[in-house]
Amino acid sequence: MIKIFIERPVLSTVVSIIIVILGVLGLSSLPITQYPDIAPPTISVNATYPGANAETILESVIIPIEEQINGVEGMTYIKSSASNTGVASITVFFDQNVDPDIAAVNVQNRVARANSQLPQAVLQTGVTTSKQQTSALMFMSFYSDNPDYDDTYIQNYLKINVIPELQRVNGVGDVNVFGSKDYAMRIWLRPEKMAAYGLIPTDVTAALREQSLEASAGSFGENDGEAFSYVIKYGGRFKTEAQYSNVIIKALGNGQFLKLSDVADIELGAQSYAGGSITNGKPAVNMGIFQTKGSNARDIIIEIEKKLEDIKADLPKGIEVFIPYNTNSFLNASIEKVVTTLAEAFLLVFLVVFIFLQDFRSTLIPAIAVPVSIIGTFFFLNLFGYSINLLTLFALVLAIGIVVDDAIVVVEAVHAKIDEGEHDPKKATVAAMHDITGAIISITLVMSAVFIPVTFIQGPTGVFYEQFGVTLIVAIIISAINALTLSPALCALFLKGHDDKQNKKKKGFLGRFFDGFNRGFDATVTKYGKSVHFLYRNKWITAAILILSVGAIWWSSSVVKTGFVPDEDRGIVFVNVELPPGSSIDRTHQVNADLYEKLIKIPGVKGGSLIEGSSFLGGAGSNFGLGFIRLDDWGDRGEDSLSVARITGQMFGVAAQIPEANIIFFSPPSIPGFGNSAGVEVNLLDRSGGSFNDLDKVTQEFVGKLSQRPEIQYAQSSFNTKYPQYEIELNAELAKELGVPISDIFSTLQGYIGSIFAADFSRFGKQYRVYVQALPEDRAEEADLGKLYVRTATGEMTPITTFVNLKRVYGPQSVTRFNLFNSVTLNAAIAPGFSSGDAIKAVDEVAQTLPANYTTAYSGLTREEVNAGNQTTTIFILSLVFVYFLLAAQYESYLIPFSVLLSLPLGVFGAYFVTQLTGLQNNIYFQIALIMLLGLLAKNAILIVEFALQRRRNGESLLEAAVNGAEARLRPILMTSFAFILGLTPLVFANGVGAAGNRSIGTGAVGGLLIGTVLGVFVIPILFIFFQWLQEKISGAPQQTVALKDDSNL
């Protein structure tokens, strides 16, 4: 079969050309993303209860909905939060393999069951269920130097003119604006005038709903033989301030009417005044842009940037655009770095090949085979629905050093036949392929087999392993096809016979270098053979090496720091601001403005946006703030002098100059879509159903103990029960006696202090809301309660203070739940010099000291890291099992495969040892490299075992077969191993963007292969001798053409 491709080189080249064409077609249509769809599907349920506090929302909104949602198909866990801003949020997390569309429908159906239990005000404003986008492609900020354009104007200009344009960009899933500055018709009631006319807020809302409405009155002249018909129209819902001013509240008699403008001020204002933001020191509006599932992130951002150029031309004068975060910045820089690494790896690999083969024609054969394998892989990535992302690109970098192996083995085997005296390159190729075809197939099967178990890993970790592993498997299989088709044909065409080689000795520097190299290598082979003889005579040394390597693996794996995905410099720093409880939004704004002025002076900081009213750590309220600080591009910051770690350190120093606020800085999560920050995300659960004060006390103790641990830089939570509040004490008896409905008392409080959603109106082609509320100055403090009146059964107006007394208390600004228990979300930053695994272990140890009925549960990326730790060992063992059974089938023996498997611990130890030595972590990149290492080291062992078996069948003794097989295969083993090692050198010494991931995967692979190869070539022959001897004792000697030499003295 193989001979056909040697004799028909056109057929061989056509096969490879078709593979390349298919690869180019696949490459042209592959989406480009930072990571594949790793984050699990999440469904968000949101509701608003105007004027309600956090605990009221929890009891009346969240708990009824949670009870219905809990247990929905595919759910893993559920989180919810309620704040004093009146907002309820529930997030449901699902298994990785759940269809998000189906999940959204299932959750929506569950939410509908709870509608009958929800307050009417909540149903009126609406309960929304939506697929939550995992992470933003980019954050965009619009700000103005023109004082005429405040943030309310900017936000609504964007909602009317800009956001619809962005939403129409192909691939954009959603555009979310921070804050609620949508236009709203604000009916500012004047309590004194309302009382003078005997009115309460519900009288106003009733009049609005009665007079501002859409009506369908029909038409004249229908179906009665008339020549014309006339549609009857009503003006519909009011749109302008003047129309609302003329709403009639009641008739006063004598043809006079009380209008809304008589008791209230009307203006087109904002839906909420509970937030704000600044960008580059100016009032601003910030938004996040999210992509649809499976879309091309890179193309979306390019299209958005083009669209922005058109949008900028139409912006009102003075409004500017700033982009604090753009995933393309990191993605483009990372891809550029990986492509550079690919080129460097390619050159280094072929430098090694050229040194060993010492012939340009010979080197050209692997140089042609590698692009075919790499390019052809893209077709199958497209076929499997993958994308071009950092994982698949990493795999292709590693693949260069792997796929070149097969071509090297072929070329070296043909050279060996020519060196033995074969004059015809074609005949030499046929003879060589006869010897090595089985080895190539075995190597391919083993290299593929090690990654088969990883496809069964569930969750986000499985996506990592799968995309990485499948990419390598495809490249390896294409490489094997090349090795059996294209490479033999090229060898027969390009290589010269023995006489030609003798006549064409290289002269000059290269000739002298190659002569010296060959003499040195020949001397190495001679010493190597003697060393194998020595080890054969002293078998205890091999046993000791293997035992020590297993012990060293146990030791090194226990001391190497553990992690999940290394943190990268993404060119952005997140900031979280928290002022003392009860601080106003104006005070928070002032702190943000002061902070920005200090941050912008730090070298390496390009700009930033700071937002009031929200927190990265889960809180919402006037004393919270968050921000995005954009750094200079990586190339402008140098390698280490302005690294993100150094800049963040300076930021902490600047923040210390603002003592009134607790300000922290952190990097974005390692993988987009898993929380808001790097570090450990842990939830403290109260399973006793106790008070929030008790939960707060336990939380503070827990945070204090965590902060004392050296592994934790700081632990933070937004939960606090010290927010100043007032508790209503109601005199129900007196209210009943005077005939005042209790509902009127609370609707009056809501109408004046909280706000009532009264109606909708349309304007600028959009729909907005009408809110009724007292003027700010009439609800500024406790004494203003005396201005509010309710109506008795006799129609008299009585101060609301007659029935209501306010008691000063303290309570939480926001509350959260996790899996139906009251909880607190904490973020623990990892101290320098420690890993996420160290921090998780520290959290677990501190959690052991919690009181009874208090437990912890991880979420976000931390949860995935904990879950992945339980799967990795199983997958590693399964990979070994797959390799074992494949080799058993190949050799028709259950014993011979152990001569391959028992050599693997040497490389595994090397990977752990070098990783520990360099201070890196045992993370998912290292684990992928470790599994790949199994295949690479098994390949070396297979080459020796395969040739030793052939020589044994040819009648050589076990010792001769082992030594001769090892000596014959030493050159291709060293050539392929050092080609791979040098190919990964750019990863080992990577810096700048993506450096953490590069080093993690490169260092472990290089260390493992280097130590595994250097020690393995000595151990493998001895293992072969022992297990082949044992096999022959059990099942007899293998079939041979000549008599076997005596091995009775073994």
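Note that Cβ sites are derived from N, Cα and C of the backbone, with glycine treated the same way.
All annotation found in TrEMBL is predicted automatically rather than curated by experts.
Features as listed in TrEMBL:
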| type | residues | note |
| --- | --- | --- |
| TRANSMEM | 12-32 | transmembrane segment |
| TRANSMEM | 338-357 | transmembrane segment |
| TRANSMEM | 364-384 | transmembrane segment |
| TRANSMEM | 390-415 | transmembrane segment |
| TRANSMEM | 436-456 | transmembrane segment |
| TRANSMEM | 468-495 | transmembrane segment |
| TRANSMEM | 540-557 | transmembrane segment |
| TRANSMEM | 868-887 | transmembrane segment |
| TRANSMEM | 894-914 | transmembrane segment |
| TRANSMEM | 926-949 | transmembrane segment |
| TRANSMEM | 970-989 | transmembrane segment |
| TRANSMEM | 1009-1030 | transmembrane segment |
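Contact count against the transmembrane segment (894-914) (Cβ pairs under 8 Å) is highest for 926-949, out of 436-456, 468-495, 540-557, 926-949, 970-989. Same-chain residues lying 6+ beyond the ends of the transmembrane segment (970-989) with a Cβ under 8 Å from its Cβ atoms: 340-341, 344-346, 348-349, 351-353, 356-357, 397-398, 400-402, 404-405, 408-409, 412-413, 521, 524-525, 528, 936, 939-940, 943-944, 998-999, 1001-1003, 1005-1006, 1009-1010, 1013, 1017.
Counted over residue pairs separated by six or more positions, the transmembrane segment (338-357) shares fewer than 3 Cβ pairs under 8 angstroms with the transmembrane segment (12-32), which leaves the two as not touching. Across 12-32, 436-456, 926-949, 1009-1030, stretch 12-32 shows the highest tally of CB pairs under 8 A with the transmembrane segment (364-384). Listed as Cβ neighbours of the transmembrane segment (436-456) (distance under 8 Å, sequence separation of 6 or more from its ends, same chain) are residues 2, 402, 405-406, 409-410, 413, 462, 465-466, 468-470, 472-473, 476-477, 479-480, 483-484, 875, 878-879, 882-883, 886-887, 890, 931-932, 934-936, 938-939, 942-943, 946-947. The transmembrane segment (926-949) and the transmembrane segment (390-415) are in contact, since at least 3 Cβ pairs between them lie under 8 Å (pairs 6 or more apart in sequence). With a cut-off of 8 Å between Cβ atoms, the residues of this chain six or more beyond the transmembrane segment (868-887) that come close are 442, 445-446, 449-454, 456-459, 461, 465, 562, 564, 837, 896-897, 900-901, 904, 924, 927, 930-931, 934-935, 938, 942.
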